Amino acid sequence: MSDQPEAAAPHTHEKREHWSGQTAFILAAIGSAVGLGNIWRFPGEAYDNGGGAFMIPYVVALLTAGIPILFLENAIGHRFRGSSPLAMRRVHRRAEGVGWFHVAICFVIGLYYTAVIAWALSYFFFSFTLAYKDDPAGFFTGEYLQLGEAGTVSLSFVPHVLIPLAAIWIITIVVLALGLHNGVERLNVIGIPLLVATFGILVVRALTLPGAADGIDALFTPDFSALTDPNVWIAAYGQIFFSLSLAYGVMLTYASYRRRRSNITSPGLVIAFGNSSFEVLAGIGVFATVGFLAHQQDVPVAELDGLAGPILSFVTFPAVIAQMPGGPLFGALFFGSLVVAGLTSLISVMQTISAALQDKFGLHPRGSAVAVGVVSAVLSIIGFGTTTGLYLLDVVDQWSNQLGIVAGAIAMIAAALWFGGRSRELQRHLSAVSTLKLGTWWLVLVNAVSVLLIYMFATKAVSLARDGYEGYPTSYLAIFGWGTAAFLLAAALVMPWLRWRRDIVHFRPWPTRQQLGLPPGRDDAPVEGSAS
Ligand code: PFF
């Protein structure tokens with residue numbers, strides 16, 4: 001069918017923006033994948049979950065879930081050519097809500113992901129004078145965040161956080177408003193090589209520190225007994241989903257900007273392996289640095305605290321930076337890398353929301369970008385620019401990221417494969433446009449993974465409902481944790497009722513079902529029941 005022009009699918013998407021080419025797409029997708037999750041989440045997760053032995057579930061998760069689901073999202077976006085709600089609506093007329101669920105998760109994540117980038121931006125500047133050197137822990141929670149009491153809500157703003165937060169939002173709004181090509185694409189084309197270079201220098205420097213080898217040993221010494229613990233496996237799958245930005249509708253939206261005749265599968269492998277390579281590199285860099293700290297304090301690495309989460313980046317790292325020769329430069333490289341990695345991920349999340357609003361309400365990219373950016377900026381500043389932002393972040397993250405995305409992934413698989421009956425169609429679509437062909441094994445994997453996802457969802461939901469989370473007051477969790485879940489559901493249920501302001505009726509996927517060797521289906525007649 002390669003000689004078949006795009007005429008089979010008239011005009012509806014002609015105005016849709018496009019990447020300038022395959023490399024731009026790959027860089028943007030890697031930009032989304034490589035983020036805070038690679039630099040601070042992966043090393044801590046690996047260390048806590050069996051060290052070197054964690055690499056086994058990690059690689060298994062990458063191969064059995066990461067790559068297959070990435071292909072699925074890319075296939076849906078590419079074949080049905082739309083933001084998540086539009087593409088899902090075309091997959092099945094009742095599945096639009098799944099797309100809005102993705103968009104709502106992106107909205108929530110955008111609000112707090114920005115806060116962390118803002119902290120990193122502050123710390124980038126603090127590094128030049130080593131402002132945190134006397135007491136990194138006290139500096140972070142006290143002087144800098146001016147942290148209030150857990151489980152409370154405060155509206156007193158912290159100026160140190162407010163200014164970088166506003167700056168990150170302004171950058172984000174400008175990049176989005178410049179459009180896919182001049183904004184999003186350019187940010188990634190410049191940002192990703194820059195990130196690889198800065199982080200590369202950082203890792204080389206870290207490896208030459210005394211004690212580096214002990215740190216790396218601590219990270220990679222395998223504890224094989226961890227492999228019998230189901231939680232270790234869940235952690236590996238969770239890490240892969242977060243790290244590859246899967247089930248957020250991001251990879252779906254990004255694939256929808258590729259031209260119809262585009263190779264999808266091989267670039268998918270480049271994205272997946274590129275992301276994991278960066279992740280392992282980050283693990284090595286971070287633990288080499290931690291090894292130096294242990295060496296300075298003359299204790300084994302295992303006895304150090306604060307090797308995960310925000311504390312690792314904003315307390316432990318500053319402590320090391322303060323003690324090492326060339327610390328200011330090292331600090332600037334580390335926090336600069338966090339800012340760039342975070343920004344390219346944040347942009348992908350915001351673009352996913354903006355694309356959905358453009359499709360649904362017929363908005364111009366610039367108008368949509370500004371609207372989404374301004375609303376998010378205001379909410380993010382109110383929620384996370386205050387003295388209780390860190391706690392809110394912790395709770396909202398659990399519900400949206402640990403629970404929400406698993407639900408989003410299950411819903412997407414169910415809509416496309418189980419209710420939409422699109423299995424063969426998507427498999428043949430990928431094979432028709434790509435150099436690397438997919439066999440039935442791909443469908444088997446996606447279905448098998450969904451069983452695991454359902455198990456993960458159930459375990460997490462039960463544990464949050466029964467045990468709460470980290471000792472926060474029940475009422476606080478009810479409002480901000482379960483409230484977040486309710487918001488996601490409400491978006492999924494309400495948004496499909498609103499009218500489409502554009503023609504979504506005259507859409508025919510290309511290659512047509514017939515060209516894929518499938519019997520005619522409902523796409524060969526106009527989609528029923530759509531407004532406008
Ligand atoms: N993949 C990003 C990271 O590893 O930090 C996080 C992320 C970005 C998750 C974008 C979801 C998303 F839509």
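Quick reminder: no glycine exception, Cβ is built from N, Cα and C everywhere.
Bear in mind that the values here come from a model prediction, so they are computed numbers and not experimental data.
Pulled from TrEMBL, these are the features on record:
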TRANSMEM  24-43  transmembrane segment
TRANSMEM  55-76  transmembrane segment
TRANSMEM  97-126  transmembrane segment
TRANSMEM  161-180  transmembrane segment
TRANSMEM  192-213  transmembrane segment
TRANSMEM  233-257  transmembrane segment
TRANSMEM  269-294  transmembrane segment
TRANSMEM  333-357  transmembrane segment
TRANSMEM  369-393  transmembrane segment
TRANSMEM  399-419  transmembrane segment
TRANSMEM  440-458  transmembrane segment
TRANSMEM  478-498  transmembrane segment
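The stretch in 269-294, 369-393, 440-458, 478-498 that contributes the largest number of Cβ pairs under 8 Å to the transmembrane segment (24-43) is 269-294.
Within the same chain, the transmembrane segment (478-498) stays apart from the transmembrane segment (192-213): fewer than three Cβ pairs sit under 8 Å, each pair at least 6 residues apart.
In summary, the transmembrane segment (97-126) does not lie against the transmembrane segment (55-76): fewer than three C-beta pairs, each 6 or more positions apart in sequence, are under 8 Å. Against the transmembrane segment (369-393), the recorded stretches 55-76, 161-180, 269-294 differ in Cβ pairs under 8 Å, and the greatest number is found for 161-180.
The transmembrane segment (55-76) makes no contact with the transmembrane segment (192-213), as judged by fewer than three Cβ pairs under 8 Å among residues 6 or more apart in sequence. Sequence-distant contacts of the transmembrane segment (399-419) (same chain, at least 6 residues past either end, Cβ-Cβ under 8 Å): 69, 72-73, 76, 88, 91-92, 94-95, 98, 101-102, 105, 108-109, 238, 241-242, 246-249, 426, 443, 446-447, 449-450, 453-454, 456-457, 460-461, 464, 480-482, 484-485, 488.
Below 8 angstroms of C-beta separation, residues 64-65, 68-69, 71-72, 234, 237-238, 403, 406-407, 409-410, 413-414, 417, 423-424, 427, 430 of the same chain, each at least six residues beyond the ends of the transmembrane segment (440-458), sit close to that stretch.
The stretches the transmembrane segment (269-294) and the transmembrane segment (192-213) meet in space: the count of Cβ pairs below 8 angstroms, excluding pairs fewer than 6 apart in sequence, reaches at least three. Proximity of distant same-chain residues to the transmembrane segment (192-213), defined by a Cβ-Cβ separation under 8 Å and at least 6 residues beyond the stretch ends, is recorded for 27, 30-31, 34, 278, 281-282, 284-286, 288-289, 291-296, 324, 326, 330, 333-334, 336-337, 340-341, 344.
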